[in-house]
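**Q** Supplied in structure tokens, the structure appears directly below.
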Amino acid sequence: MIDLPVMQFPVEKLINTARASRERAYAPYSGFRVGAAILTREGRLYSGCNIENASYSLTVCAERVAIYKAVSNGERQFAALAVIADSDDYCTPCGACRQVLAEFGREIKVYMCNRHGEYIVKDLSELLPLGFTLKKQDMGIEGGPGSGPVRVAEPVDR
Ligand SMILES: O=c1ccn([C@H]2C[C@H](O)[C@@H](CO)O2)c(=O)[nH]1
Ligand SMILES: [Zn+2]
């Protein structure tokens, strides 16, 4: 793996990719259009936009769309994520997206942008202190999550 340090990658390119994806946001209910982009440690980019739904709760954030696109293309190692909305405020990822991102590492840089492309940047570990993880011993298997047979939950007595 090349493990491109994030500082070697132009942050503007990451943010511009997120901004371009925002143009494809499907947000007829909130009108709040969001774009995201995630950078792999080998330097590949995946983008996402928010996709809303008439049932509201099925809405998916731009960040998770980007993460899921990347992971479904075989990516697991991430350097940075950018998120941008059409707002003067910095767009910060929701708790669900922080947790989903944390599945793939705590050292990921998160660029939270305003409409002008200005940003604040923090490590995911700062955005999600004490986030939930399964320890090896919780899974009852050697390698931790993903490396062994799936444990099926016991049915609950009613
Ligand atoms: O970081 C965020 C915050 C909100 N949204 C979306 C969800 C919903 O479609 C709309 C309003 O919350 O913005 C994102 O995609 N990312
Ligand atoms: Zn979210």
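Note: Cβ is positioned from N, Cα and C throughout, glycine not excepted.
Straight out of TrEMBL:
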DOMAIN    9-135  domain 'CMP/dCMP-type deaminase'
BINDING   ASN50, ILE51, GLU52, ASN53, ALA54, SER55, TYR56  substrate binding site
BINDING   CYS61, CYS94, CYS97  Zn(2+) binding site
ACT_SITE  GLU63  active site, proton donor
**Q** GLU52, GLU63: which of these recorded positions has the sparsest Cβ neighbourhood within 10 Å?
**A** GLU52
**Q** Compute the average pLDDT of the predicted model within the domain 'CMP/dCMP-type deaminase' (9-135).
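**A** Computed over the domain 'CMP/dCMP-type deaminase' (9-135), the mean pLDDT is 97 on the 0 to 100 scale.
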**Q** Can you grab the distance from TYR56 (substrate binding site) over to CYS97 (Zn(2+) binding site)? Cα atoms, rounded to a whole Å.
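**A** On Cα coordinates alone, these residues lie 17 Å apart.
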**Q** Listed binding-site residues are ALA54, CYS61, CYS94; which sit with C-beta under 6 angstroms of ligand 2?
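**A** Listed by sequence, the hits are CYS61, CYS94.
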**Q** Return the member of CYS61, GLU63, CYS97 nearest to ASN50 (substrate binding site) in space, with distance defined Cα to Cα and candidates limited to these recorded positions.
**A** CYS61
**Q** At a 10 A cut-off on CB-CB distances, which of the binding-site residues ILE51, ALA54, CYS61, CYS94, CYS97 has the highest count?
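**A** When each Cβ's neighbours within 10 Å are tallied, CYS97 leads.
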**Q** When DSSP states are grouped into helix, strand and coil, how many residues of the domain 'CMP/dCMP-type deaminase' (9-135) land in each?
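**A** Helix (H, G, I), strand (E, B), coil: 35 helix, 33 strand, 59 coil.
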**Q** Can you tell which of the recorded positions CYS61, GLU63, CYS94, CYS97 lies nearest to ASN53 (substrate binding site) in space, using Cα positions?
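**A** Closest candidate to ASN53 (substrate binding site), judged by Cα separation, is CYS61.
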**Q** Quick one: pull the CA-CA distance for SER55 (substrate binding site) versus GLU63 (active site, proton donor), whole Å only.
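**A** Answer for this pair: 20 Å between alpha carbons.
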**Q** Determine which residues of this chain, when ASN50, ILE51, GLU52, ASN53, ALA54, SER55, TYR56 are set aside, have a Cβ within 8 Å of the centroid of the substrate site's Cβ atoms, and list them as they appear in the sequence.
**A** TYR26, TYR29, SER57, LEU58, THR59, VAL60
**Q** Looking only at C-alpha atoms, tell me how far ILE51 (substrate binding site) is from CYS61 (Zn(2+) binding site), rounded to the nearest Å.
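**A** A Cα-Cα distance of 7 Å.
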**Q** Less than 6 Å between Cβ and the nearest atom of ligand 1 is the rule; apply it to the binding-site residues ILE51, TYR56, CYS61, CYS94.
**A** CYS61, CYS94
**Q** Which recorded positions from the set GLU52, ALA54, GLU63 come within 10 angstroms of CYS94 (Zn(2+) binding site), judged by C-alpha positions?
**A** GLU63
**Q** Using only C-alpha positions, which one of GLU52, ALA54, CYS97 is spatially nearest the residue listed as 'active site, proton donor'? These are the binding-site residues in the record.
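**A** For the residue listed as 'active site, proton donor', the spatially nearest of the binding-site residues is CYS97.
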